Amino acid sequence: MTTKDDSIGSSRVTWEGCSVLLDINDGERLVFARLSPNAQLKIGKKNCSLKPLIDCPFGSVFRVDNGKDGPYLSLVVHTEEVEEGGNSIQEKEDHVTTHESKDNRAIVDNNSAQNLTGEDIEEMRRQGATGDQIIEALIAHSATFEKKTSFSQEKYRLRKQKKYAPEVLVRRPFVRRILKSIKLDNLMSDNYMRCDSLSLLLSMANITAYSDVLVVDMVGGLITGAVAERLGGTGYVCNMHLGATPYPVDIVRIFNFSNDVCERIVHCALDDLCPGQNGSCEQVQKMVSDSTNELDHMEDVPAEENTTSADVPCTTASDHEVRKSIKAGGKASEELIKSWKESGFSSLIVAAPDMDVWSIMQKLHPLLSYSASFAIYHQYLQPLADCMHNLQIGKMAIGLQISEPWLQEYQYFSFLGVVDLNILLWLSFLISISSYDWYFRRTHLSMQMSAFGGYILSGTKISASESKVQ
Amino acid sequence: MIATDPSEKLSLYRRIREGDLVIVYERHDSMKAVKVAEGSVLQNRFGVFKHSDWIGKPFGSKVFSNKNGFVYLLAPTPELWTLVLSHRTQILYIADISFVIMYLEIVPGCIVLESGTGSGSLTTSLARAVAPTGHVYTFDFHEQRAVSARVDFEKTGLSRLVTVGVRDIQGEGFPDEFIGRVDSVFLDLPQPWLAIPSAGKMLKPDGALCSFSPCIEQVQRSCETLKTKFTDIRTFEVLLRTYEVKEVRETSCQGDEGGSFKSPPRKKRQHSTEKGNVVEASGPGKIMAKPCGEARGHTGYLTFARLKCLPLKDNQVCSLRSA
Ligand SMILES: C[S@@+](CC[C@H](N)C(=O)[O-])C[C@H]1O[C@@H](n2cnc3c(N)ncnc32)[C@H](O)[C@@H]1O
């Protein structure tokens, strides 16, 4: 397949064996999947084949429909929706300006308002009704729908749509989206890194094509993957482990990296680059092979098992095509290690939440080229302050700066204008009108996003050979 | 500044050569970009520096003037360039720039459209992100600014990655030759809503757009316009707070070192490895950090959106593949 050898970002269409991020019901759930004719995804209580998702443009929306042979994913044709969407926006605005008199005081929200029973719905399903048809029927049989404000109507429709016709949006797994889903999956919740923090690390370390980037990635491969994405199959990203065992980089598998890119992701032990530090080489070798086996195992999990726990990154490597691909994160070759010893790395990123950054920096500093940029992430300020001070005193680096990123999301509403989401949350308490709350679901996600972003120490290594100059 | 083949990357062997661009670093808030030329000198408050002294030294070296003043010579990066470029307009800084590049998912090989070019601060980072095979097409309607930007990109060695066009993007939109070919569009224009329909035409399906605006009213109008053709519309503000670090010697309660409180933060310190050495009068101080006073305030709002994706016919699928 030619697509796989293209550089990432070039293909706008999915292919068999490609990894995708599936956004179910507009952020309700995010799932990673590897597309294959046999791969399945559990949505609600149903298992759907992911086959229809192969060869579709990224950004396509699918809806779960009921066929003769059970539920299947069908492509949503957006052309009409654009019109509809346009109209409904218009309606909403009209509603705001004319101060519609409907409110929810007359509505008793119990099940008796709905005349359609669960059996009725099942029967419709058996007869092959689409999700849309079920929703229309629910609305037609709702005693209260007409009395609702148009906001509530929309909310009702949306709720039913999610239940009876869930939508699946197909996304390219770029690092930003991967970050978002990791957070939702509660993977490594302590080490979770915010998108703006990661973006700063990549800039401050001057990650660019043809760089040889040294990383100490103790956050599951997030840094390694993000760097590899920026290198696009040039240069190298070397994940260095200080002890005997390489750090896991499982997250790297979620990216759609081509073989060209995977080859550029390697690991090595500190011992390999500066012999005579700690730990013996033989020990390192042994641990390396152990952990490689572990990763192998992860890829071999059968598809069925994956679909039941689809919220964690899953790889349904059922066909040989996928298996043949080069595995990212192999051990750095002797030649590479030799070349790095001689010419040094061009950039360094450290994200090692439980390590003393100064002692790491002492060891890694000699491995960097002169004028190399580095960036160190930490959730606490003090270790970075100590490290910065020591670098200054030791005349090891200049341009030293500790930064704390700050991110705020604003949401646009046609009736309120742009609103700071924090204020919006307050409004929701003050107004406490249920009609507003479907907007707030997003708010909650975003609130999480503005949570603490950590600190970054950045700087540039200087050459120590100054004395001769005088 | 940006390697276009592996031999150009930074290494311990790389020495400063005639014709190199170096960033002369006096202090973190006092830097300057200089082209190295054998016969030239740099004169500043520290004295006269001969370029010929620089040639053959590694980047990152400390070099001295006739008066024994010193500066450091750094290899240029987009971050340093943003700090030294000549401000012909308001510019974007590292926090906004980094976020834009990550959120627009700009990776090597991408085709990116930008308007206006302004002082080229963002353009330089965009070029780094699309290198080595992508390209940035940036447009400004201000002829002189476009010319100066070209001169800058020549100087920073980005001409192969960046093309500057003179064009009124709000009035005429982007050129037709880019229709359906572009991965991402960035707008920093006074009335971005006028350029959004054209941006929509240029983008590949699912392509991403970002508009930077200092005022919330601009954001509102942009969002209104975006709604028809775009989805995932989200607005952010990104700021950076920086910290200063000092070694402070505190007087302990029992302390008989009454005088130490008055002494300024110390510059020198015994290394902890040299144990047993207690000669120093008043043990090591504590390293403390506090936020810097002059935090950079509001710059603007970043509004992102993604072109809605219409279902494709089979032949279109093929063409997107090979694109
Ligand atoms: C604030 S500057 C952009 C700064 C840039 N982002 C940077 O980081 O250096 C805005 C630029 O937009 C240009 N501009 C304004 N209206 C324009 C239009 N209609 N078409 C093209 N460029 C325009 C101005 O000449 C100005 O240089």
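Glycine is no exception: its Cβ is also placed from the backbone N, Cα and C atoms.
Note that TrEMBL annotation is computational and uncurated.
Per TrEMBL, the features are as follows:
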- B:S119, B:G120, B:S121, B:L122, B:D140, B:D168, B:D188: S-adenosyl-L-methionine binding site (BINDING)
- B:253-285: region 'Disordered' (REGION)
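Within the group of binding-site residues (B:S119, B:S121), the Cβ with the highest number of other Cβ atoms inside 10 Å belongs to B:S121. Ranked by how many other Cβ atoms sit within 10 Å of their Cβ, the binding-site residues B:L122, B:D140 place B:L122 at the bottom. Across the residues the record lists as binding S-adenosyl-L-methionine (B:S119, B:G120, B:S121, B:L122, B:D140, B:D168, B:D188), the two Cα atoms farthest apart are 20 Å from each other.
Between the binding-site residues B:D168, B:D188, the minimum number of other C-beta atoms within 10 Å of a residue's C-beta occurs at B:D168. In the three-state DSSP assignment, the secondary structure recorded for B:D140 (S-adenosyl-L-methionine binding site) is strand.
Spatially close to B:G120 (S-adenosyl-L-methionine binding site) yet at least six residues away along the chain are B:L85, B:T138, B:A149, B:D152, B:F153, judged by Cβ distances under 8 angstroms. B:S119 (S-adenosyl-L-methionine binding site) falls within neither a helix nor a strand when secondary structure is assigned with DSSP, and so counts as coil. B:D168 (S-adenosyl-L-methionine binding site) falls within neither a helix nor a strand when secondary structure is assigned with DSSP, and so counts as coil.
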